[in-house]
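Swiss-Prot lists 1-16 with the feature signal peptide, giving sequence analysis as the kind of evidence. Residues or ranges marked as disulfide bond in Swiss-Prot: Cys203-Cys246, Cys237-Cys278, Cys337-Cys385. Taken from Swiss-Prot, the feature active site applies to Cys206, His342, Asn363, supported by similarity to another entry.
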Amino acid sequence: MWTIAQLAVFAILALADFAVAGEIEQLKEVLGKFNKDYKQGNMTRLASDFRSALKEYGDGQQGESTVVQEFLKKTEDNGEQRAMEKLETEWKDYVTALGKHYDQKENNFRMAIFESNELMTERINKKYEQGLVSYTTALNDLADLTDEEFMVRNGLRLPNQTDLRGKRQTSEFYRYDKSERLPDQVDWRTKGAVTPVRNQGECGSCYAFATAAALEAYHKQMTGRLLDLSPQNIVDCTRNLGNNGCSGGYMPTAFQYASRYGIAMESRYPYVGTEQRCRWQQSIAVVTDNGFNEIQPGDELALKHAVAKRGPVVVGISGSKRSFRFYKDGVYSEGNCGRPDHAVLAVGYGTHPSYGDYWIVKNSWGTDWGKDGYVYMARNRGNMCHIASAASFPI
């Protein structure tokens with residue numbers, strides 16, 4: 001596809017050619033349509049109409065070698081134009097399906113981000129077909145966000161004193177028998193201990209959703225009742241303990257809050273996706289804990305033991321890679337992860353016949369993300385994406 005700059009240059013050159021031929025009025029009409037399409041941001045129509053108009057003029061030049069004929073010759077292969085038409089159709093379908101609305105300038109900006117992400121997902125999926133990676137990707141409702149906008153959702157904020165090598169101990173590290181034989185696979189969803197996947201939206205409240213989900217499973221094991229607990233309660237009411245509302249927080253801090261005050265049900269303290277004044281009352285608190293245990297940072301065997309014997313465990317992972325943002329299926333494995341920045345819930349583990357060991361991880365980006373809201377992350381791959389570096393569970 002010719003760029004705006006290239007088309008403009010051809011227009012200027014063609015102007016001289018038209019002027020010599022005494023066809024200045026015809027060129028004005030061509031450039032008028034060019035201007036209109038440019039202002040509307042319709043690149044496909046711009047290129048197509050501009051070329052068609054020049055072709056109409058060029059056909060009457062009796063085979064003369066002109067700038068117009070040169071332009072027409074260079075643009076005979078319209079494969080890139082077809083690709084642009086395909087992109088614009090996909091983009092229109094995308095924004096329509098999600099009910100997104102942008103003015104023309106913003107629309108072009110967002111479509112460029114969408115295109116970049118589409119190309120990235122296509123590259124990964126090609127590698128999957130070639131057997132080079134163990135997961136697939138697909139565009140989702142995050143496909144038109146800048147990296148900065150997306151990172152707002154990654155709300156795990158580790159305390160400054162946290163040492164991912166295990167030198168810090170805010171609670172007692174989980175103790176377990178390393179020689180104990182554990183089940184080959186565990187999935188707490190099949191035991192009725194996991195509530196449906198929810199969507200945190202644009203608030204950096206992943207820590208609140210992960211903590212609430214862990215407390216739901218804990219309460220189910222203690223009482224036999226599975227309740228939907230309130231992440232909003234945690235977002236609003238743990239700031240005095242050091243969390244930062246929609247700007248992020250830390251799961252153990254939320255567990256400490258639950259042990260002191262209790263957590264309300266979602267129906268009594270519904271999620272709104274923004275920070276509000278704490279509206280906690282003793283009368284609506286339904287679930288408490290007795291503190292929490294942490295996994296020795298980096299110890300995946302300890303994490304496996306805790307998931308098998310104690311229940312779902314909140315984990316901090318590196319979720320900033322675009323490959324993770326658009327994960328769809330398979331066993332996610334990434335060799336170049338950053339520090340933990342996103343809180344999720346490990347609800348089980350297993351082994352894929354082709355791709356090896358994995359963790360079953362519940363996310364809070366809605367069911368359209370990943371495999372119905374879940375990601376299967378590589379296990380026993382050197383603590384991949386720090387999955388065992390900031391893990392804890394209620395007791």
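Sequential numbering from 1, following the chain as shown.
For all residues, glycine too, the Cβ spot is worked out from N, Cα and C.
Note that the coordinates shown come from a computational prediction; the quantities given were computed from them, not determined experimentally.
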If you run the three-state DSSP split on Cys237 (disulfide bond), which class comes out?
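Note: Cys237 (disulfide bond) is helical by DSSP.
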Just name the most isolated of the recorded positions Cys206, Cys278, going by other Cβ atoms within 10 Å of its Cβ.
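Output over recorded positions Cys206, Cys278: least Cβ neighbours within 10 Å is Cys278.
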Rounded to the nearest Å, what's the C-alpha distance separating Cys246 (disulfide bond) and Cys337 (disulfide bond)? Just drop the number here, would you?
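Cα-Cα, rounded: 23 Å.
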Of Cys237, Cys278, His342, Asn363, Cys385, which recorded positions come within 10 Å of Cys206 (active site), going by C-alpha to C-alpha distance?
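If one measures from the Cα of Cys206 (active site), the recorded positions that come within 10 Å are His342, Asn363.
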What does DSSP say about Cys246 (disulfide bond): helix, strand or coil?
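SS state of Cys246 (disulfide bond) = helix.
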Within 10 Å of Cys237 (disulfide bond), Cα to Cα, which of the recorded positions Cys203, Cys337, His342, Asn363, Cys385 are there?
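Cα filter at 10 Å returns nothing.
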Just counting, how many other CB atoms are there within 10 A of the CB of Asn363 (active site)?
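Counting Cβ neighbours of Asn363 (active site) within 10 Å gives 27.
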Sort out for me which one of Cys203, Cys237, Cys246, Cys337, Cys385 has the most neighbouring CB atoms within 10 A, since those are the disulfide-bonded residues we care about.
Cys385
Including all protein chains displayed, how many Cβ atoms other than that of His342 (active site) lie within 10 Å of its Cβ?
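Counting Cβ neighbours of His342 (active site) within 10 Å gives 26.
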Which three-state DSSP class does His342 (active site) fall into?
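DSSP assigns His342 (active site) to strand.
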Rounded to an integer, what is the Cα-Cα distance in Å between Cys278 (disulfide bond) and Cys203 (disulfide bond)?
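Rounded to the nearest whole number, the Cα-Cα distance is 16 Å.
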Can you tell me the three-state DSSP label for Cys385 (disulfide bond)?
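In the DSSP reduction, Cys385 (disulfide bond) maps to helix.
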List only the single closest residue to Cys385 (disulfide bond), chosen from the recorded positions Cys203, His342, Asn363 by CA-CA distance.
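Considering only the listed recorded positions, the nearest one is His342.
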Have a look at the recorded positions Cys203, Cys337, His342 and say which one has the shortest Cα distance to Asn363 (active site).
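Nearest by Cα distance to Asn363 (active site): His342.
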Distance check, please: Cα of Cys203 (disulfide bond) against Cα of His342 (active site), rounded to an integer number of angstrom.
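Rounded to a whole number, the Cα-Cα distance is 12 Å.
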